[in-house]
Amino acid sequence: MERFKFLRFFSFRTQLDFLPSSNPVRENLINGANTDTNGEHRDGFFSNLVYGFLRRFKSGKKIDGGSKTEEEEKVYSWLYALARSEIYMAFEYVRSTERGLSFTEAEKRLKENGPNTPLEYTFPSSWHLLWSAFFHPFNIILIVLSALSYITSDNPNGCIMLILVFISVSLRFYQEYGSSKAAMQLSEYVRSPVKVQRCAGRVVQTELIVQVDQRDVVPGDIVIFEPGDLFPGDVRLLTSKHLVVSQSSLTGESWPTEKTADAREDRSTPLLELKNICFMGTNVVSGTGTGLVVSTGSKTYISAVFSTIGKHKPADSFEKGIRHISYVLVGVMLLVVTIMILVEYFTFYDLSESTLFGISVACALTPQMLPLIINTSLAKGALAMARERCIVKSLSAIRDMGSMDILCIDKTGTLTMNRAIMVNHLDSWGAPREKVLHFAFLNSYFKSDQKYPLDDAILAFVYTNGYRFQPSKWRKTDEIPFDFMRRRVSVILETESNPEGRNIQPFYRFIITKGALEDVLKVCSYVENVDMGEITAVSAEHHHRILNVVEELRNEGLRIIGVAIKNLQQTKISKQNMENEDDVESDMVFLGVIAFFDPPKDSAKEALWRLAEKGVKAKVLTGDSLSLAIKICKEVGIRTTHVTTGPELEQLNQEAFHEKVKKATVLARLTPSQKLRVVQSLQSVANHVVGFLGDGINDSLALDAANVGISVDSAASVAKDLADIILLEKDLNVLVAGVEQGRLTFGNTMKYIKLSVIANLGSVVSLFIVTLVLRFEPLTPIQLLVQNFLYSVGQIAIPWDRMEEDYVKIPQKWSVKSLPMFILWNGPVCTLCDVATLLFVWFYYSSGGKLDESFFRSAYFIQGLLMQTLIFHLIRTEKIPFIMEIASWPVLASTVVISAIGIAIPFSIIGDFMGFTDLPLSYFGFLVVLFVGYFTVGQIVKRIYIMVYKKWL
């Protein structure tokens, strides 16, 4: 049977009106079904029912995850109303009949409601990705400055800035476009046909069973389903026979759920546990039935839950910080440039030259390489993670991984191997018993229907532990296959009257049954006495003891099945007898239990320990049972002091909810909405940066809300679509590498930001002071632009720098408030160096109190460029640069090359063209003393700053 795939739900634009509060059907929906019916249909109410979803989460609104969304509440009320109503009322609610809809009516409803698909996601277009890469605050600033440069005929400067923007945008677009294409290749969409009952004929209506595309199913249709079928919408059951449904896509719980049309439910039952409601996206495991489609497409439970996807992602604190810096720099730029232009104009009375100088100062103040540095760092990180077999869909996710301090994970397939291994075989007293294993082995060996993982585990245990049970001495005569209603499988075997083997009674013919413990106990009337080997009737004491033994095993996280046998030596078994399963599977002897465990991965404990070392705490969010989750967590080293479950969280008020989520390390039996609310609570209330690793539809909301959404290539398509990072291998060690790469990227970006702001602001303040003192420009516009260009080019190597070990050990978060203090402490040191240069040149090289303009500009050009280039080595580390910590070789090479070019320019033909002159050797001796003094003072300021604020970068 083809499987239907749920896609992302970004494009939801449905706008349907709500019913007025006085509408009787609305009252039925909220308060219960109306019992006063006259058989008349209420025309038009269906299209106006609870499905006009409001967008509750508007931009900028803080979501703390403490309550359900309005969409969920409305759909909950609708489905609860149907669950507690009689079947005839359900038909009335959706304006249908027991014959089904006519073809004409179905076509009409299809036009009204649209195709029956969840809200589909279309991957971002090339234009969208290009615009996203372009729209960066500093790109806008550079473009504005470039335009002003062209207006003032400063074409080279304008061209340089446009080239920087082009490189930055191209780099980011190329990486994200490639990642988007890779993610698209992992996604697929498969439609499945649905059997629908329709009626035809004007006078005498005939019921027809037709097969339609799932997209064409409408509310009011009657659907027929069998094993393997997927429910095409939310369905109210009409009939059912041994119906078992898998809801793992919604709950994460691997064990199927029994459903029945006869149930009547109310609000005391959790929605996903309603027995007479089946949900879109779930599938039939066994049994058959019919159902009334009550909701389709964007109006189903799964779509209501996921309708806010795209609204949950929290604001990126780093991007907010960048915008904040942009606004501050724009304000400072406008103020300083205006003052500089006015000073220049009233000094030289040349408006054109003054404006050009002001624009040059603005360019010097702008960290032009910031977009390029950020995108280069992120692209480099993406390539490094690609070598670890990861697809990075969103480049900013790499940086967010560096800030991540909580990782929420689902245990299945992530912490565990996602396969069962057999660990023990016990009798009814809890003691190891080979006879239990022997008969369980024979059952698994001879069953002819599908071999389940538990069968494989039993066979593997027997073969690997050297047991010799000789199945060749047995012959199968019949079998009752497994189904999810009985939850057991039986085989009938014959053997010799006196078979070989230990502890085997001389049965001629017997039935062996194994399956879910409770269902095996139902058919057992006897239990084997351990001491005497005698068979005695099952008493209340026996039953209680068996359940206690099993409870202890389950508390250890083990999965249990029961094993029973029955002597058929005196019974004549025929094909007719086998049709009555209840007669054959009765009065059996209970032998014991087989215990299984889903073992943790060998790498999981090490990876979690490495993450904890780096300040990333793990929380397990799972739909499985609490006991199983606790067992796994103990195995991999996750503390289980504070644990909770979804039903417990549902009963808490908002404040208690947040407190419980904050402390708990294991949260089990969670619904998709609860996983979402847990993530939001950690983000908004506890102020954590949260990563979420999940692979199911039930994980999609949390993936969307997390700061870093992580999935795997084998995940459900919606999970892959929503993830920021896709792992090609389920290995947490990859995440450790990602965290390290994220912190490296974050740290190198912060180096450039702090370097640029200090150096640029210091230079502009120095220019302002020097301009006031001198009667000429300290640097001409072209000299200033060349200096700024060389300095900017020298910073391209920053993404290839390394970070100190201590920095990578802890999560790193952006703090906008720390930047002004960083500038106030370190900026004046740069300005003092510039002023010292002015004073030295003035007193040492002036002639009669007059400075040679070319000489001063040459000296100031070299000093400023070397200062801006060398200051990076002071900023990049908490230690003493060049002595205790040395930068990477690309950074060192860049420093040497740019410094050499800057020193050489005044002595070259280019220097003559730019108005420079040769400098004496004594000046370079002064620069050595100046920079030694600067690094000494700067290191002292650095140590004091770290003592006060406990952090450097």
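Positions of Cβ are set from backbone N, Cα and C atoms, glycine also.
Because TrEMBL annotations are produced automatically, they should be read as predictions rather than curated entries.
Looking at 79-97, 782-800, the range annotated in TrEMBL as transmembrane segment turns out to be 782-800. With a cut-off of 8 Å between Cβ atoms, the residues of this chain six or more beyond the transmembrane segment (821-845) that come close are 754, 757-759, 761-763, 765-766, 769-770, 773, 851-852, 855-856, 859-860, 863-864, 867, 871, 875, 922-923, 926, 930, 934, 937-938, 941-942, 944-945, 949. If you look at the transmembrane segment (857-875), the same-chain residues 6 or more away from its ends with a CB under 8 A from one of its CBs are 751, 754-755, 758-759, 763, 766, 770, 778-780, 783, 787, 790-791, 794-795, 798, 826, 830, 833-834, 837-838, 841, 845, 881-882, 887, 891, 895, 898-899, 902-903, 905-906, 911, 915-919, 923, 927, 930-931, 934-935, 938-939, 942, 953. Restricting the average to the domain 'Cation-transporting P-type ATPase N-terminal' (81-154) gives a pLDDT of 78.
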